[in-house]
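What follows is a short report on a single structure.
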Amino acid sequence: MSANVPTTLLEAKAVAKHFGGVKALRDVSLTIRRGEIYGLIGPNGAGKTTFFNCMTGLYVPDGGGFVFDGVPLVADAPHQAAERGIARTFQNIRLFGNMTALENVMVGRHVRTRAGVLGAMLNNAATRAEEAAIRQRAMDLLHYVRIEDRADDLAKNLSYGDQRRLEIARALASEPKLLCLDEPAAGMNATETAELRELIEGIRRDGTTILLIEHDVKLVMGLCDRVAVLDYGALVIEDVPAVVQKDQRVIEAYLGA
Amino acid sequence: MNKWLSPRSAFGITLIVVALLGLPFVAAMGGQAWVRILDFAILYVFLALGLNIVVGFAGLLDLGYIAFYAVGAYAWALLASPHFGLHLPIWVILPIGAGLACIAGVLLGSPTLKLRGDYLAIVTLGFGEIVRIFMNNLNAPVNITNGPQGITLIDPVAFGGFKFSGTTQVFGYALTGPMKYYYLLVALAILVIIINLRLQHSRIGRAWQAIREDEIAAKAVGINTRNIKLLAFAMGASFGGIAGGVFAAMQGFVSPESFSLMESIMILAMVVLGGMGHIPGVILGAVLLSILPEALRYGVGPAQMALFGKQLVDPESLRMLVFGLALVLVMRFKPAGLWPSPERKRELGEKRMEVAK
């Protein structure tokens, strides 16, 4: 990490969410600093994805809220979260299956581009220039995640690992400040996981903060600067991996003791 | 894109232009009725391409599309007929008609944004009926639409002194009213084809497709799904409104019964049968479904006479029977439509392979 004091990028303040009687999140507060890889782990059903969905605006929290980049996030507005600089991938990959890989990434440029209906109908110089820029940037991103040779294939025909990569490329297309990855290594073999790790480290090096939800404890402990553990919707601990690994409560949560 | 056309495509375009220019003269040999059928075919192309924005691009199943057509038609009828004594020029009425239809589109769109598929279809179907029933009953206490009697003596399309009704001599050729409307409609249709093509390959077009594919993922990448869906409704409705205006002017008469549910279903059938979201397919679907029933109307009766020497089945019911059978067969053997886009063809083809595995 750089020598200067890390500043806060995202602050969750007592976020609560319940579904009927189930308390999925109980006043979770945590802080993500600029430039770090932050891991969020916990057993199945601990509330990790719920936390993600609250943050990215897909769910409206029942209590608390988020401050991103110094300004509160508006609840129930996923498109605004993306505009503010939060991009995400999904646990069960959600690509636009019948669009090509390139088109998927081009859609990702939506929030950073302007052309409207009038521009499209007139197809004026500004629109054409923007369209060319979108295409170029999307191509660059496919190159970045190393699937540029699949650019013209339909997203659904890509291999599982490539689909994961494509989803990351699409998320990066919106130039996020915070990239949230929901179990990106799920279903990957050792080689693919190693490549993914390399990719994530590269993205961080290029200046994007990363929030990583993962089941693969080894990957999280090796990759993350700090880790938070959720259990039954409550925050157990938030610290550097070395401390988290030795924490008795974490061991209990995972072993079910 | 290449600035200069290859000789082959230049030849193709010339051929299409000549065919489009000559078609009404060929049709006129069979009588002006055929030119009128041609006019309606082009009008349906226009309508189907408008609906294609909503159904094909954005994936929103709209069964009340005819309502926007009705709004446009009545806008023209009320602003250019003796009914209110108004005779506004085309460049005033057409934008008003398109604007009103656009507002109607947003009105329908906003409460239905959270609905998908079947549920959306039911609400839009209801909306279409509501508009028709309004037109039917807005003759009391204040007579606005003249109720079921409809509005007559509507002004034809006119640019300055040039009227599209009646026969005029142009360069020694006698151009009848339907022929003049034909050229007007072809010009409008070409315009809407260009707009459709450009929208499809634009930032907005991609956003529509993304919503159709996966709405949650579309939200997550920052697409304001509410606005983008409303935009689809508004755009589709505006085209419907323009088509309605031209329809009113061409017919000189509108009444609520022209805007029945059957019409909505016909236009949707054109889009689906031709190939949803694929512009050439939609055009083909519209032309086929508007001309085929007419051809059957003229063909079925004489064919029976020739085969059996008498009318066995009422031509009108046989016509619908043949028509229905044709639809069923197409959907059975070409589920993606007669001329689907390459992607969609692959999509449905693969599904079948998966089942076969």
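Heads up, the Cβ atoms here are built off N, Cα and C, so glycines get one too.
Automated prediction, rather than curation, is the source of TrEMBL annotations.
The following features are taken from TrEMBL:
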TRANSMEM  B:12-35  transmembrane segment
TRANSMEM  B:41-61  transmembrane segment
TRANSMEM  B:66-84  transmembrane segment
TRANSMEM  B:90-110  transmembrane segment
TRANSMEM  B:117-135  transmembrane segment
TRANSMEM  B:181-199  transmembrane segment
TRANSMEM  B:230-253  transmembrane segment
TRANSMEM  B:265-296  transmembrane segment
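Of the recorded ranges B:12-35, B:117-135, B:181-199, B:230-253, B:265-296, the transmembrane segment (B:66-84) has the largest number of C-beta contacts under 8 angstroms with B:230-253. If you look at the transmembrane segment (B:117-135) against the transmembrane segment (B:12-35), you find fewer than three C-beta pairs under 8 angstroms, all six or more positions apart, and that falls short of contact. The largest share of C-beta pairs under 8 angstroms with the transmembrane segment (B:230-253) comes from B:90-110, of the ranges B:12-35, B:90-110, B:181-199, B:265-296. Between the transmembrane segment (B:12-35) and the transmembrane segment (B:265-296), fewer than three CB pairs separated by 6 or more residues in sequence fall under 8 Å, so the two stretches do not touch. Taking Cβ pairs closer than 8 Å, the transmembrane segment (B:90-110) reaches residues 64, 67-69, 71-73, 75-76, 79-80, 123-124, 127, 131, 157-159, 229-230, 232-242, 244-245 in its own chain, all 6 or more past its ends.
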